[in-house]
Amino acid sequence: MVALNGRDLLSLADLSSTELQELLQLATQLKSQKLKLQSNKVLGLLFSKASTRTRVSFTVAMYQLGGQVIDLNPNVTQVSRGEPVQDTARVLDRYLDVLAIRTFAQQELETFANYAKIPVINALTDAEHPCQVLADLMTIQECFGSLNGLTLTYVGDGNNVANSLMLGCALAGMNVRIATPEGYEPDPKIVEQARSLANNQTEVLLTHDPELAAKEAAVLYTDVWASMGQEAEADDRLPIFQAYQISEQLLSLADPQAIVLHCLPAHRGEEITEAVIEGSQSRVWDQAENRMHAQKALLASILGAQ
Ligand code: CP
């Protein structure tokens, strides 16, 4: 079994290609097999943003592994009253075995990881969403048998999901195309990192042309046009992103066997049409289920299981 003993997962780039493959293999096994942690362990969920899938899938995964979960809502801890991250991290370190954090700045997550000796998992920051992309790659592998050489096209905002998809696809030997409006491209540092991981073996393409990006792709992927924390910009973004919707017309340009993914929650009629998300090529519900299997594999690998 892949051994990430005691390690943090702050970015997908914390994994090697081999570790990613082994983690996806374990996640697929855990869909039908039971596994228990070597000893009773406690996971803390410190989420400063709303969550349905990540919160519930981490909780159920930990319970099924024989562990326990504490939901550390910032509103009922001293976090919301401004206790320094360094202090919270050193205290939680003394109680918990692993901590999953959802917050705004990647820097805050990194400070937590620096001050806590226990493993820290990125459950979403403004920069990355690695746990989401583990489930995405697992879903693509289930559909196509392997990942190597496939092309994933992401259409929409160059956000945290786009950033982690670039890293995940590069590690998995996939081509990745990111189509965004001008000014909404993914983080240039992460683009550079993904290109370095791809090592000229696969493509990491940025474009403003969604039709070019969709051509013959195996996977079309999108996310909301305004992420958590960007609500005030949402209305202004609507006309800018209109051409970046996954519609039946855009899907018709992809490979005929293409699948459609969305990390959810979705805004039907904005980034994706009702017909596509509910259509025969949509795999979004399998993708959402796989969050639980992928995170169970991650927890088992970090904490040790038998
Ligand atoms: N995709 C995702 O992270 O969903 P939640 O925000 O509901 O956790």
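Counting begins at 1 with the first residue displayed.
Glycine too: its Cβ is placed from the backbone N, Cα and C atoms.
Residues or ranges marked as carbamoyl phosphate binding site by TrEMBL: Ser51, Thr52, Arg53, Thr54, Gln78, Arg102, His129, Pro130, Cys131, Gln132, Cys263, Leu264, Arg291. Other Cβ atoms within 10 Å of the Cβ of Cys263 (carbamoyl phosphate binding site) number 26 in total over all chains. DSSP assigns Cys263 (carbamoyl phosphate binding site) to coil in the three-state reduction, placing it in neither a helix nor a strand.
Around Asp223 (L-ornithine binding site), the same-chain residues at least 6 positions away in sequence with a Cβ under 8 Å from its Cβ are Tyr154, Gly156, Asp157, Asn159, Val161, Ala162, His262, Cys263, Glu271. In three-state terms derived from DSSP, Asp223 (L-ornithine binding site) belongs to neither a helical nor a strand segment and is classed as coil. Residues or ranges marked as L-ornithine binding site by TrEMBL: Asn160, Asp223, Ser227, Met228.
Look at TrEMBL and you will find 7-142 tagged as domain 'Aspartate/ornithine carbamoyltransferase carbamoyl-P binding'.
Taken from TrEMBL, the feature domain 'Aspartate/ornithine carbamoyltransferase Asp/Orn-binding' covers 149-301.
The local packing around Gln78 (carbamoyl phosphate binding site), expressed as other Cβ atoms within 10 Å of its Cβ over all shown chains, amounts to 12.
Among the binding-site residues listed (Gln78, Cys131, Asp223, Arg291), none has a CB atom closer than 6 Å to any atom of ligand 1. One residue stands out among the binding-site residues Ser51, Asn160 for having the most other Cβ atoms within 10 Å of its Cβ: Asn160. Across the structure, Ser227 (L-ornithine binding site) and Cys131 (carbamoyl phosphate binding site) place their CA atoms 17 angstrom apart. Taking Cβ-Cβ distances under 8 Å and a sequence separation of 6 or more, the neighbours of His129 (carbamoyl phosphate binding site) in its chain are Asn122, Asn160, Val161, Asn163, Ser164, Cys263. Residues belonging to the domain 'Aspartate/ornithine carbamoyltransferase carbamoyl-P binding' (7-142) score a mean pLDDT of 97 in the model. What surrounds the L-ornithine site, by Cβ distance within 8 Å of the Cβ centroid and not counting Asn160, Asp223, Ser227, Met228, is the set Leu124, Asp126, His129, Asp157, Asn159, Val161, Val224, Gln230 from the same chain.
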